[in-house]
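Below is one structure, written out as structure tokens, with a few remarks after it.
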Amino acid sequence: LKDQFDNLDKHTQWGIDFLEKYAKFVKERIEIEQNYAKQLRNLVKKYCPKRSPKDEEPRFTSCIAFFNILNELNDYAGQREVVAEEMGHRVYGELMRYSHDLKTERKMHLQEGRKAQQYLDMCWKQMDNSKKKFERECREAEKAQQSYERLDNDTNATKADVEKAKQQLNLRTHMADENKNEYAAQLQNFNGEQHKHYYIVIPQIYKQLQEMDERRTIKLSECYKGFADSERKVIPIISKCLEGMILAAKSVDEHRDSQLVIDCFKSGFEPPGDFPFEDYSQNIYRTISDGTISTPKQEGTRNDSKTTVGKAKGKLWLFGKKPKPQSPPLTPTSLYTSSTPNGSQYPIFSIEPVHYCMSDIKTGKPRIPSFRSLKRGVKFCLQGPALEDFSHLPPEQRRKKLQQRIDELNRELQKETDQKDALIKMKDVYEKNPQMGDPGSLQPKLTETMSNMDRLRMEIHKNEAWLSEVEGKVAARSDRRHSSDINHLVTQGRESPEGSYTDDANQEVRGPPQQHAHPNEFDDEFEDDDPLPAIGHCKAIYPFDGHNEGTLAMKEGEILYIIEEDKGDGWTRARRHNGEEGYVPTSYIDVTLEKNSKGA
């Protein structure tokens, strides 16, 4: 636990940093909302008309609609300010207060952990000092003993020297005993403190840190929700603002605007009449002599003038210029032809992704049984068959993973069971009231549900076998199986999760449970024995194919003998009249057990 204290210190610090990082994100979002609202209000103020009451300009519907849109946009800006205020009060302010409290709590817990570690280190130093002192005193006592024995054996040594050496030996021995007792006391004290440290103090501190980190996670979750709720609360009002803009756009009436223009600029004057022709050549023709042929000239001149004027009038155009000849309208064929070299007018997307998707669809399986099987298939492909039992994980992690998988399979099994019950009830209703529906239409779905339930039961049994293996539990064996046979089978093949022995990993999922996998092997061992007595009979409610080894195929309505009850794995052992035995799904039969039944 000591080496994990620093890791917890780093993790809790990372949690606080992440909390502050999210608070900074919320703050920047608030600033964006405030700036956005401010810019919208400035935009509305800039384009909002400033008119005096005396000003009487035309009230075009397009102008009125634009003014209404500006008002709605101003309200929209107000809602953005509400979002910013709500985020600042409910999210950012709460995060900053909680971050301060979290830092204080974390500092206190870490100080407690460091104090506990320092106290344990101090106890260890005291114990080590007493140990070293005891070791030193033992060496001194050994030297004193050697000195005493040398003087005692020396004939030249005086009695006084021998007595002095003896006293020194007694003194060193006494000091060694005292240090021994002190070392024993210090060692006992250190062991007690160490046990208390690692089993009481540190786990309590770690639990407090864990609770603190979990509260931080919960607070983040609440802030995430508050962040979204701040936006969601104003959505109805924003929707009303947008609806007001749409209504303003729909209120634009081009005919009314045109009528306003007409009423505003209509003068009431009549169009001017035609200008009369003024002939300035009469005086010139009167002075001409009588010998000339004047009349024809006059007529010719007048005709020419009229012709010239007529031609001139014929050349006058409405706006002073002759319009250019218009090109013939483009037909769809010409448009297509002219636009084809330059590319289509519509966006051209690459067909490679479409081709890839179509090829993927063509190469895939034509039919997927169910979404749950697809999900499990994806997981199986990602993890691989070798890691299906999580054997690559440590035991505790493997146990958790297997338990999670078993819980998930149980939930799916419960869903399938509920669906089966609902289908059976619906079938009963249809049988009682044929006008409501055809009971036979529910049979395929009911059969598929039964198959799914059997598959789920086998998978649950397989994972429970792995889980019991992890937990050190030995699966219950049948009385008819011998340990030597089991060892023989284990050495020859790999044991599947259900207990069936096979070399094919794919057959493990599809096979029946362990005690149902290979009944023929055990029947061969006991072929000389009498067959098992029948304990009842059953009637097949649904047909069963019995493709897997050890199973017994049956038809709907067929009567079979029961020789072994369901032991909780969803399979029942049955026998035909001809003596053929095998396992059938319990949910496919209607079982009737008989008391005191001795045989078939």
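Counting begins at 1 with the first residue displayed.
Glycine too: its Cβ is placed from the backbone N, Cα and C atoms.
In TrEMBL, the coiled coil annotation falls on 399-433 of the listed ranges 294-328, 399-433. Counting only same-chain residues 6+ beyond the ends of the coiled coil (124-168), those with a CB under 8 A from a CB of the stretch are 175-176, 179-180, 182-183, 185-187, 189-190, 194. Per-residue pLDDT, averaged over the coiled coil (399-433), rounds to 88.
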